[in-house]
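Going by TrEMBL, these are the annotated features:
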- A:75-137: domain 'Nitrite/Sulfite reductase ferredoxin-like' (DOMAIN)
- A:171-330: domain 'Nitrite/sulphite reductase 4Fe-4S' (DOMAIN)
- A:354-417: domain 'Nitrite/Sulfite reductase ferredoxin-like' (DOMAIN)
- A:Cys436, A:Cys442, A:Cys481, A:Cys485: [4Fe-4S] cluster binding site (BINDING)
- A:Cys485: siroheme binding site (BINDING)
Amino acid sequence: MSKKVKVQPIGGKPSDVEELKLESNYLRGSLTESLSNRITGGLPELDNRLLKFHGSYMQDDRDYRNERQKQKLEPYYQFMLRVVTPGGLSTPAQWLLMDELADKYGTGSLKLTTRQAFQLHGVLKWNLKSTIQEINEALLTTLAACGDVSRNVMCNPNPYQSDIHSEVFGWSQKLTSHLAPKTPAYHEIWLDGEKVESGEEEVEPIYGKVYLPRKFKIGIAVPPMNDVDVFSQDLGYIAIVENGKLVGFNVSVGGGMGMTHGDTNTYPQLAKVIGFVTPDQILDVAEKTVTIQRDYGNRSVRKNARFKYTIDRHGLDWFVDELHDRLGWELQPAREFSFDNTGDRYGWVKGVGGKWNLTLYVQGGRVVDTAGIKLRTALREIAKIHTGDFRLTANQNLVIANVTSQKKTKIAALLKEHGVEEGGNYSALRRSALSCVALPTCGLAMAEAERYLPTLIDKLEPILEEAGLRDEEINIRMTGCPNGCARPALGEIAFIGKAQGRYNMYMGAGFTGDRLSKLYRENIAEEEIIATLTPIFKHFAVERNKGEHFGDFVVRTGYVKAVTDGTNFHD
Amino acid sequence: MQLQVTNSPFTSEQAELINKLLPTLTEAQINWLSGFLTFYRAGNAGSAAAQVATAVALEAPAAVEAPTAPQLPREATILFGSQTGNSQRLAGRLADKLKGQGFEVTLSAMNQYKTNKLKEVPYLFIVASTHGEGDPPDNALTFHEFMHSKRAPKLEGTKFSVLALGDTSYEFFCKTGQDFDVKLAELGAQRIVDRVDCDVDFEDAAAGWLAAVEGAVSAASASAAPAASGAATAAAPAAAGESEYTRANPFMAEVLDSLNLNGRGSDRETRHLELSLEGSGLTYAPGDAVGVYPQNDPALVDEIIAELKWNAEEAVVTGKSGETSPLRSALLHHYEITVLTKPLLEKAVAFTGNSRLAELVNNKEELKAYMNGRDLLDLLRDFAPWTLKAADIANLLRKLPPRLYSIASSVEAHPEEVHLTIRKVEYEAHGRDRKGVCSVYTSERLQPGDKLPIFIQQNPNFKPPVNPDTPVIMVGPGTGVAPFRAFLEEREESGAQGQTWLFYGDRHFVTDFLYQTDWQRMLKDGVLTKLDVAFSRDSKEKVYVQNRMLESGAQLYQWLENGAHVYVCGDEKHMAHDVHKALLSIIEQHGGKSADEAAAYVSALQEQGRYQRDVY
């Protein structure tokens, strides 16, 4: 191995957030004091930054922000709490607890996120501590659900190969806990833990005092399903199954969705596969990858701080070399694999061992009772009798897993009783839709997403129907801002919010999550969206090749150029 | 009415003289003469229990001679017990009148008066209001207690009269004034003019009493009275620089802004009204109130008219001098229709064919229960058939009284503006939705650009300390916080350096934190030193301002020891009592005092003007 010139980290004046982390004394800051201030329902900016590491963001109801200002009331501050559920797994007891907390402290609904986590919205500051305590009592945590650390590790909840799933799921749990922050601050602040005076160096052996430059996302896919959008992850593992056994994982690095409108130095990027490792090696690979990003990531400019920019700045070869150096061993060559889709398969499926799995469509990941569909009640009733588990999918849906034959009948009856469809009756477009929370609570949103996408789909469905495309799966994704929570750069059709009612429209991503989409129209409103898509749908219906997906079609017929790499996304 | 030999005890010559004189007299002169004659007789007959007679129903006159009673020193003591300032203002008017007659006048709040002087007082006049369940106003508490204790002196050499203010819709109407009246007589003092009990529309009755007192003292020292005195001073002269706009002549203030201070989802609505004083010459100080003349609910007015099948356009009397308005307008603007009072029901008996009303009126307990939460429409529906004509309402109904609201702004911070904080009152009772007259008017029908009739009601009993360095503790939950916005804005403008501590509370933090961003700014700028809040419905345990006071008891006591003034504004029934108890308990606990010592400590605070309340 030839010795190369050592690459230097990018340097530059550390951003304010870096200063904050440094001075926070391992994520303590003045959180305790700010939480007990009764004059405001909010937190000062610095403590809010720290709070993310504890799994919560301060938000406010933006629908009423101006109105309240006139009323001499501060914004309606409230907190989103995100619960870490590695691989999206939760027990019926945990489900019941989250359901209860949604009423007790939240807004009466549960959000299943695009990263297989639970979110509670609308928790008031005075209730944060009780909520977090109750979550912890159910053996769940919010620690590191947000913040500049490794997040909830995603994992395919594959209901077809349950024995493989359970093994892969085990690794997602191990990864999550291995990379969890070790600071006692969380216990001190929320769980009334003993205040621990600790030796400086030992507190965070992986992260150190200033944690990572930005968030870090890990996902594990089990081919042929790429539901976790493995190439959108900073670090991805692709399970390799040979002769019915899990032999190891291909490793992919450097993916990420976020960008900033109008800044071409920011872009979505897909991860690249760099090799193969055996299962027992993946913790080591993850830890060393994280430390490389810790040492080389951009700590001066936050919007260029994600791992994908570190890799693009120094090159994939540099990274692999550096990784090998830190591991002290080398990855094997990548193994063959192929994906065929990123979606979920709805309905009942019999898995290994004779247990049943039901994948339920959950619109926008929002578990809520509406006039006709009492989804939340149905799931509560099911959780009371269910002996298996629940699995949150990367597409914001829900798998009721490991159902015995006797319980299957009861569960099906409960769903029917509460007006819940299993998913198959929805149009393929609706089933393949993904949206982030956006307005009114997300502070970053420039436009609607979760609240609006269903309405837009209502208007697109008749057009598709007329073109004979009702059962054609087309990934459609919408986010309120370009940070990419619903992974829009991997939508065959994607909308990224620009302003109230206005979106940039992207097309041409690969159906299996292997190609980014491309900007097609800028700043358009509903009328123009429909006027733009209608002829393309018709064209697609008539001139598509056999089995050709929409994303591939719009590239082949020249609506958009194929994006071959994130670095030419803006070209 | 003409006096004749046949219908009076007078000779034809006397009757002619009287008949010639009477039609020329103004109302004030008649009142004056009435007082004069009473005292004239009392002086001559030596009767201590003179009865006020009407001006024309006179007994046989005594010889017309100068009074033979010994001349009293021309010294008068006027004591007032005042919560909102009305009693104080009326007492001031009496003082001016008596001074005009060459009297040496001592004018004082009851709790400021040195009771050891009481024995030597030749003329004693009491003006006192009554609150809640017959309670004396704060600055009358200690004096009321003293007068009803064994320490009260014999007052045989004293002549007195009492003016009582109150509200007939309360059970213990004018009780404080009545207490003093009875007690003074018991102590041997001579009543020279009968007590007058004033309802909420007190001006005319009070003016009558003032004139009667003036007449009486004039008679008591007839020959020595300066010629110029008397009825000419009936109207209190306006103080220099005062606006022409008064309670009797309200200013039509334009509504500049009107917004709901409660956020979405609140079960309450609190209006923040910004009114223009431009061109009025009106000004005010922190602690003062604004009187608002509201309008009744048009829907309720229409229901009343429909109930009795009256003609909405029929002209009815609305003014003292016989001015008229169409019935609908009279009910909207001039008469009270939302409250039942005992006098109203008593008068109403004559207009119904339903005998049950007379039965009700004669049963005190049932009457009280019936009046509670019912209004004129209930009465009309419950006791038909009626012979009541639209023209009768002038005799039946009270005038629509103005509503007083503590001012929520400093005129220094908002020149030519005044801000009010009005919580909408709506509830259901006896099967119907009830609406607060003024609060619903201002919240539902009054729009920016409209004009609202208002006057300034000074409140000398709720004033920030004169010394800008004196620490201030303010307890104002709900709309009780209004005057403290005025206090703090004033301090912000004047640059007062004393520490300030506000206790605020309501139901829900998110929606009911009135003026939240104002307080946050004041905290940041240091105008407000400390802010403690209690939201009763946000936690399992209900938490109120008094709980927060107790939590910070040690510090609060330290502030008191450092000379802090304590101000309490808001609900009288519960909050003010609980806060008072908390204060006592803090002084006991942190001052190491017994219950009696703590009570004495608080009384001393009150006497020094360091514990002031504006409660309602």
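Cβ atoms are placed via backbone N, Cα and C, with glycine included.
All annotation found in TrEMBL is predicted automatically rather than curated by experts.
Taking the centre of the Cβ atoms of A:Cys436, A:Cys442, A:Cys481, A:Cys485 as the [4Fe-4S] cluster site, the nearby residues of that chain (Cβ within 8 Å, site residues left out) are A:Val437, A:Ala438, A:Leu444, A:Ala445, A:Ala449, A:Thr479, A:Gly480, A:Asn483, A:Gly484, A:Ala486. Comparing the binding-site residues A:Cys436, A:Cys442, A:Cys481, A:Cys485 by how many other C-beta atoms lie within 10 angstroms of each C-beta, the top residue is A:Cys436. Under the DSSP three-state reduction, A:Cys442 ([4Fe-4S] cluster binding site) is assigned to coil, being neither helix nor strand.
Here the domain 'Nitrite/Sulfite reductase ferredoxin-like' (A:75-137) has, by DSSP, the following mix of helix, strand and coil residues: 29 helix, 19 strand, 15 coil. According to DSSP, the domain 'Nitrite/Sulfite reductase ferredoxin-like' (A:354-417) comprises 28 helix, 19 strand, 17 coil. Under the DSSP three-state reduction, A:Cys481 ([4Fe-4S] cluster binding site) is assigned to coil, being neither helix nor strand.
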